[in-house]
């Protein structure tokens, strides 16, 4: 509720109180009432006035002197120093100071403050005009809208890629459901707290308002970024040590009230058509926040229509986040991370304003926007929070309701990309129990399609975007383990040396629109064996590109901090080098250079002295158990030929290793087509070399050496395909002869 006239009178009274003279000289006087207040100029002649009921004094009133009673039962006096022996005296009705609200305000004013302390306080905080001198105003028109229109995905798919349609089982359509959804409240987080903001702050009166808090603690309790979101504004609090934190306050700010002698104008750093940015920082902290003096500080966040949520995410948050990630500034508090945190808070603020547009939005577009909001929250936690994170996740009940209702409506979610976002929203809102198995099955099939599409080509920006979302799903759910294991092995198989090399080249490009442009499947995969030291060993004669350390830094930042969603892998120490391969529903392989986990191990004998390679097979239903001791071992069988009959070699992994350097590449082969592709000599996946060997890790727990294998492609399926192809060729030839004779 906004304060009424009585509240504003109380605020006025408090402001007058804060001007109260701290010297020993005071006076009290009354005159004729003017709008329930009294105003006199009083001469004291160098003596204090005693506050007695019948005390009188000589007052100047209309250029004449007269004696007047200075005490009234229904009034409280305020005395302000004008000049030597002269004070301005105000009377305010006593009733304004009764009640808890008045008590709250009065408790925030130090009536015993000395003049010296008052003057010291004047010089404590930085003023924009004096200490920062970087004020800027922006005149762009602000309007809640969506520049992507009805585009169902942020990054559109390539023209030549067919997007699978979603099959949904027959269900009952909820009553009142429509194919479009109003934007009202859709992207507004639940305000589940009542906050007392600015409590105890030197400059601001506290205010009570519905809000939500979100904190990102970098190292300890002293280094953090906090976001406080209210209906009208947000606050970014930046703390570097135990001193008073810096505050960035942005929005519609009539309820942000300053204590005297300060005014809002003293602290306005940026100003737009509808909103203001206040910065409150102590002068002795300016050396740590010197970026506040930069004239382009926050330009990328405020110099366009930031109420356009899609444009804001692209032009502001993703721009800042990409810069932070490429420069390795996560877990640091500097200009880059502060701008990113501000852009994140601004995105939450703008998303809540979407309801002002009052427009209808399609379900796919609404799901994409909501998934984008949750994805930037996930990145903020990944980049800024300590491990394990303590950040409170924001809840979006209206968006969750939309996702649930869409699941009940046949043919409402038409393509797989919308289903990916719907499931992502439910998983990130702690609604895993609502995700049906058929939904994750189709998402896993989509991951396999991307895998097959990019077996012989680099990942597109669209594929990186989709794999980014699916990789997060894998590590944020406990249900539907079979489908999640399939997505996990796809991400692992796509994490090849070729992908890592291409990824480092991408980092050399100066412009990336979205965080997903910097995503590689290696971030969510089971490959934990990539390091600068290992790459240097693999390519001793090559010059390491300057972007390789940045690529490895991004991997370190983006990789999950645990594998706890997989029962047979959760105990693996993530600080050590290994590869985890979930090749099938029941079988996993862990490839290491030492004994690391309990299971059936296959020691590789064809390595040089001093090098070891151990492949351990585990059951997906067996609880992970860490061990450094030798345990059950089996020998590796040498295979000279492979038959594709019955797809016995499907759902397997092809592992390439070097005698001296260990694992080089791992390729996942889901079906017979993948096996043929891998073993076809024209594709140069398996290359004959005296130092290079190839192992096939099968879905039944068997490990084969296939370095010199011959593929028997006589299975019935391939034979039928050959017959069909030959028939098609003959048919085309006959058609050609007929047309030629006409």
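Positions of Cβ are set from backbone N, Cα and C atoms, glycine also.
Per Swiss-Prot, signal peptide is recorded for 1-23, and the stated evidence type is sequence analysis.
Feature annotation from Swiss-Prot assigns topological domain 'Virion surface' to 24-719.
Sequence annotations record features per position, and here Swiss-Prot assigns N-linked glycosylation site to 55 (among others) based on sequence analysis.
Residues annotated as N-linked glycosylation site in Swiss-Prot: 62 (among others).
Residues annotated as N-linked glycosylation site in Swiss-Prot: 67 (among others).
Sequence annotations record features per position, and here Swiss-Prot assigns N-linked glycosylation site to 192 (among others) based on sequence analysis. Around residue 192 (N-linked glycosylation site), a 10 Å sphere centred on its CB holds 12 further CB atoms from the protein chains shown.
If you look up Swiss-Prot, you'll see 195-211 (among others) marked as disulfide bond, on the strength of experimental evidence. Sequence-distant neighbours of residue 195 (disulfide bond) (same chain, six or more apart, CB under 8 Å from its CB) are 208, 209, 210, 211, 213, 228, 230, listed in sequence order.
The region 'Interaction with gL' annotation in Swiss-Prot covers 217-280.
Summarising the annotation, Swiss-Prot assigns disulfide bond to 330-383 (among others). Neighbour density for residue 330 (disulfide bond): within 10 A of its CB lie 23 other CB atoms from the protein chains shown.
Secondary structure at residue 522 (disulfide bond), taken from DSSP and collapsed to helix, strand or coil, is helix. Annotated disulfide bond per Swiss-Prot: 495-522 (among others), in sequence order, evidence recorded as experimental evidence.
If you look up Swiss-Prot, you'll see 571-624 (among others) marked as disulfide bond, on the strength of experimental evidence. Of all the Cβ atoms in the protein chains shown, 19 others lie within 10 Å of the Cβ of residue 624 (disulfide bond). The DSSP secondary structure for residue 624 (disulfide bond) is coil.
The N-linked glycosylation site annotation in Swiss-Prot covers 641 (among others) and rests on sequence analysis.
Summarising the annotation, Swiss-Prot assigns N-linked glycosylation site to 700 (among others) and lists sequence analysis as the type of evidence. In sequence order, 587 are the residues of the chain that are 6 or more apart from residue 700 (N-linked glycosylation site) and have a CB within less than 8 Å of its CB. DSSP assigns residue 700 (N-linked glycosylation site) to coil, not to a helix or a strand.
What Swiss-Prot records for 720-740 is transmembrane segment.
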Nearest-integer angstrom distance between the alpha carbons (Cα) of residue 495 (disulfide bond) and residue 641 (N-linked glycosylation site): 27
Between residue 192 (N-linked glycosylation site) and residue 383 (disulfide bond): CA-CA distance (Å): 25
Minimum Cα separation from residue 624 (disulfide bond), reported as the residue among recorded positions 192, 330, 522, 641 that achieves it: 522
Cα proximity to residue 641 (N-linked glycosylation site), best match among recorded positions 192, 330, 522, 571: 522
Whole-number Å value for how far residue 330 (disulfide bond) lies from residue 571 (disulfide bond) (Cα to Cα): 26
For residue 641 (N-linked glycosylation site): DSSP state (helix, strand, coil): strand
